[in-house]
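Enquirer: Below are the features I grabbed from TrEMBL:
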| type | residues | note |
| --- | --- | --- |
| ACT_SITE | HIS192 | active site, proton donor |
| ACT_SITE | GLU333 | active site, proton acceptor |
| BINDING | ASN96, ARG97, HIS192, ALA193, TYR194 | beta-D-galactose binding site |
Amino acid sequence: MTSTDIATDSSDTPGTIVYERSAFGVTSAGEPVERWIMDDGTLRVSVLTLGGNIQSLEVPAGAGEGRVDVVLGFDDVAGYENTKAYISALIGRVANRLTGSRFTLDGTEYQVSANEGANSLHGGVDGFNRRIWTATPIESGLRLSLTSPDGDQGYPGELTVQVDYLLLPGGKFRIRYEATTSAPTVVNLTQHAYFNLAGASSGSTDGHTLRVASGHYTPVNQELLPSGEIAHVVGTPMDLRTAQELDFLNLDHNLVLDEDEPAADDAGHGHGHGHAQDDLHFCAELKHTASGRTLVVTTTEPAVQIYTGSQLDRSDIGKGGVVYGPAAGLCIETQNFPDAPNHEDFPSIVLRPGEKYSTVTDWAFSV
């Protein structure tokens, strides 16, 4: 394993980040997988070139307690290839579901890869979570790059994607997504991390509370496909405007964010398709009551998928031999609206040549 110190002068960084690069294994198709570890003294993050997976994310555990890993993951390549739960992977081209695995763009109907019955989930059979990304150290963190060819999984246009994983001062982890296209297409990227602030090996998110800045949600049918309605959360389990105990929640729903609640420190700059960095707004707060560990999520995205992990079925054996059963982790998937191309009242996810898809999500950890 090689180790390199890269000093940066970016205002976003606390100083020196230590990078470690090593071989992690080989896919079933014979592709080598690398693991990159970044450590800024506060956070220590392990990233795989397979699927852009965040294999581990170690945060301060508490005074004098060192660090604790707070995301689910696997010890080998096979775990990531075999899981059906998208554990801690980058998701694309289109996160969430597309009804009938089809959409119409500029008068042309496109049929894309179906992998959940007749519908498409998280980009299809061979989504971005199954690709080998190119990793490059940059100021503040690591850049993952991928080119998705025209026609990939049925989607039009060659899509060039960059995802930056950045370590910022004060225990903050930033994900910056950017993409450009050669032809009109649709794009909705996210990160599918499963959080457990009690520790990735604790087995359950019981003892956590969750608050989300959302007064509305998008109702779904039995296939979890949006009806097209935007409904108020009052009187539903989706009302998380005040902190609720995860012990009593069973959710896999898209919540519409109240963008009038700004991030506490939303300084940033840059422009593009979607929001600018300085449009960060509060999304969610996850807290582990016993330890006091807290995750605050801010984002430029208009929505978030809250998934309490109810479908984790003990078939995945995670790091250290831990069995991942229901509620082993919580997903806070910042995103645009699911199935957006098939609902005219939903925000557009269309990207055209000459435009840049650009979104930012921050995870801020404290104790």
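Cβ atoms are placed via backbone N, Cα and C, with glycine included.
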Enquirer: Have a look around ASN96 (beta-D-galactose binding site) and count the other CB atoms within 10 A of its CB, chains all included.
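Expert: Looking across every protein chain shown, the total is 25.
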Enquirer: Give me the long-range Cβ neighbours of the residue listed as 'active site, proton acceptor': same chain, 6+ apart, Cβ under 8 Å, in sequence order.
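Expert: ILE91, ALA95, ASN96, THR190, GLN191, HIS192, VAL304, GLN305, ILE306, TYR307 - these are the non-local Cβ neighbours of the residue listed as 'active site, proton acceptor', listed in sequence order.
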Enquirer: Would you measure the largest Cα separation among ASN96, ARG97, HIS192, ALA193, TYR194 for the beta-D-galactose site and round it to whole Å?
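Expert: Those residues reach a largest Cα separation of 19 Å.
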Enquirer: Would you count the other C-beta atoms found within 10 angstroms of the C-beta of TYR194 (beta-D-galactose binding site) for me?
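Expert: Excluding its own Cβ, TYR194 (beta-D-galactose binding site) sees 26 Cβ atoms within 10 Å.
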